[in-house]
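> Below are the structure tokens for one structure; questions will follow.
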Amino acid sequence: MTQVTVKQLADEVKTPVERLLQQMREAGLPHTAADEGVSDSEKQSLLTHLKSSHKAKVEEPRKITLQRKTTSTLRVAGSKSISVEVRKKKVFVQRSPEEIEAERKRELEERRAVENAARQKAEEEAKRRAEEEARRQPAAAQPAGTEAVAAPVAPVEAVREAAPVAAAPAPAADARKRDEPRRPDKPRADDNNRRGGGGDGERKNAPHRASVKEKAPAPRVAPRTTDEESDGFRRGGRGKAKLKKRNAHGFQSPTGPVVRDVQIGETITVGDLANQMSVKAAEIIKFMFKLGTPATINQVLDQETAQLVAEELGHKVTLVSDTALEDSLAESLKFEGETFSRAPVVTVMGHVDHGKTSLLDYIRRAKVAAGEAGGITQHIGAYHVETERGMVTFLDTPGHAAFTAMRARGAKATDIVILVVAADDGVMPQTIEAVQHAKAAGVPLVVAVNKIDKPGADLDRIRSELSVHGVTSEEWGGDTPFVSVSAKVGTGVDELLEAVLLQAEVLELKATPSAPGRGVVVESRLDKGRGPVATVLVQDGTLRQGDMVLVGSNYGRVRAMLDENGKPIKEAGPSIPVEILGLDGTPDAGDEMSVLSDEKKAREVALFRQGKFREVKLARAHAGKLENIFENMGQAEKKTLNIVLKSDVRGSLEALNGALNGLGNDEVQVRVVGGGVGGITESDANLALASNAVLFGFNVRADAGARKIVEQEGLDMRYYNVIYDIIEDVKKALTGMLGSDVRENILGVAEVRDVFRSPKFGAIAGCMVIEGTVYRNRPIRVLREDIVIFEGELESLRRFKDDASEVRAGMECGIGVKSYNDVKAGDKIEVYEKVQVARSL
């Protein structure tokens, strides 16, 4: 055995000799000098001591890591292969005895806590049941032996009679002993069995379980499941005290239908509706199919349809409006400042040709009516006039029946309505409609009886006719001023303005000029050189050039402003009508105009309104199609006149759309496949070509590209400047599409007096013509007692053996009916003809 000295060992491990000797003494070795020898066994003893002093682990490693790698080949298209390497890694950790003991103690404490809680609950339950049983049964005492076998609660009653307070815990303890399974006496041995440490605990507990089984259990108060079992613990089991917890992460199936609160906006898709109801979209689609409405998962439903589906499926519906963005916009537009009086906005309304524009002409000292096509107003005109009594803003509305929507907008944007009634015509349909619009808008009326210089003017008749519709003059005790005027000579115009301004004073009209501008669109059009142009009536605040404005679903910066005379201006205050340039599209007449601080907010609101309008429109259109799908089934297909309509202003386009869509019947209809504001372009001509439509231009013309396509393809393109003409032409076209009806005209009636036989013609009826004229080779009917028994053709007509082409009334003749020989005396032969008659709408 090779030995080294202490000094050599110190040099080898690079440590001082004195320190090495000290460590050897601590290890229990006898070395004291540097020249003493050290054997291998002494080295091992020293090494073991040093490891234990540094708390190193002398046992086997506690953590084992296993790595596994598999390689496979995956073939793809093109005869290529890809190598796939899968690596798996598993780590096994051996716990120390201290950790195992700590976990065992923790589990034991948890189990004891659960047992104590369950024991306490069982005692309370047994006590409660014993008290209930005591109240139900009579208080008479019975023999103790019988009580123990027959009823488990009787001993409690007997003891309670002797000492009611002291004996109370006894029945609870008995009930607990009867109800609970027996717990093992040695939890440590049971714990070893649970960890699989050996079979000693199993063998020790076996006699104990046998003794438990041998004992006859006392009758239970009521069968029940203990809290220990429901929490996953079992008493007296096969050595394993703890089971897996049941329903720890399981899904509890609902015992009844789940009613959810479904929030539905103006539109919602089938998928979103299914998510809110926590059902599959297929169930909603299936349900809608049962209702007769085919749908898809991305189908947009309108609010009414979605509400019907959700309520039918048993859910609670809350209708919401997606107006958070609009509400924030309205909040940002609030402005407080000093208010001043503003000029009244006056709308002139009345029947067509009653002199509305002529009256305004006299007030403005202008000649607008002469420039109107056909002498009728077809746009809303906005003007402000400086009078001796103050400024007044006038809105001139059309009186034709097609412009109902325009008149309704004029009434909404106004403060006072001047109702013009012609003294010679009286109250007409559009007069009544104007009264209804004014009442709906809550606007006061001033009646101007025009054309009083004409003969036949009857003011009392007009007062009487208007009083029927709720407009009573001040002379008759009402509150509506009646002023007699003549727009031609100017009679009564000053009195009319005075009445208007008096009404304005009563209304106390106020505005805040320092606020951001706010108003309403009166009219809009597309100018080829300047782009979209909107006529705006400023209602509050001040609109300035360069402001960022939001108009309906359009927005833009005001590049220029023009007054009603076309002169550029920098700003416009309350009650001033202006034309603004710079919007990204032509807004609808009646849209509200607001000045915003930044472009981002304007764009956000405009895009939101566009998307909302599109969704609502699609949902309603789809709902309408589905509602009519079964009604139209089996009916003959309607003939359709397709029209591409272009107009100079948005209001006229809307009026024409309404008028044209109202034409037609069950067989023919008008469909406006395209339309817009501005001239007829090449795209409009291509649309008309693709949809087989007629091009109509109302106060607009076609550009060179559109004219070229029209000439090459032979399209029908027409220009109009009066709304009467376009409606009449469309009516004629629809009438031509209706075709013609076949009508029967009775030419004559002959009565059979006698019947003769002819070898050539068979039975010949000798007749007297009693009505009209009988013609040869015309269709006839044979009537017997006024009932048609045969329809055929008149083959032979003779008079005194001579052939005749016709026989008039009061004359006798012989008639041979083709292919019919059953003619009898007293029959009537009716001769008629078929005539084609053109149909009309």
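Each residue, glycine too, has its Cβ placed from N, Cα and C.
Fair warning: this is a prediction, and the values are worked out from it, not measured in the lab.
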> Ranges 40-43, 396-399, 472-475, 544-547: which does Swiss-Prot label region 'G3'?
396-399
> Suppose you had to name the range Swiss-Prot annotates as region 'G2'; which of 335-339, 375-379, 525-529 would you pick?
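In Swiss-Prot, residues 375-379 carry the label region 'G2'.
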> Could you put numbers on the helix, strand and coil content of the compositional bias 'Basic and acidic residues' (96-136), residue by residue per DSSP?
40 helix, 0 strand, 1 coil
> In which DSSP state, out of helix, strand and coil, do we find GLY350 (GTP binding site)?
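For GLY350 (GTP binding site) - judged by DSSP and reduced to three states - the answer is strand.
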> Is ILE452 (GTP binding site) helix, strand or coil when read with DSSP?
coil
> What does DSSP assign LYS356 (GTP binding site), in three states?
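The three-state answer is helix.
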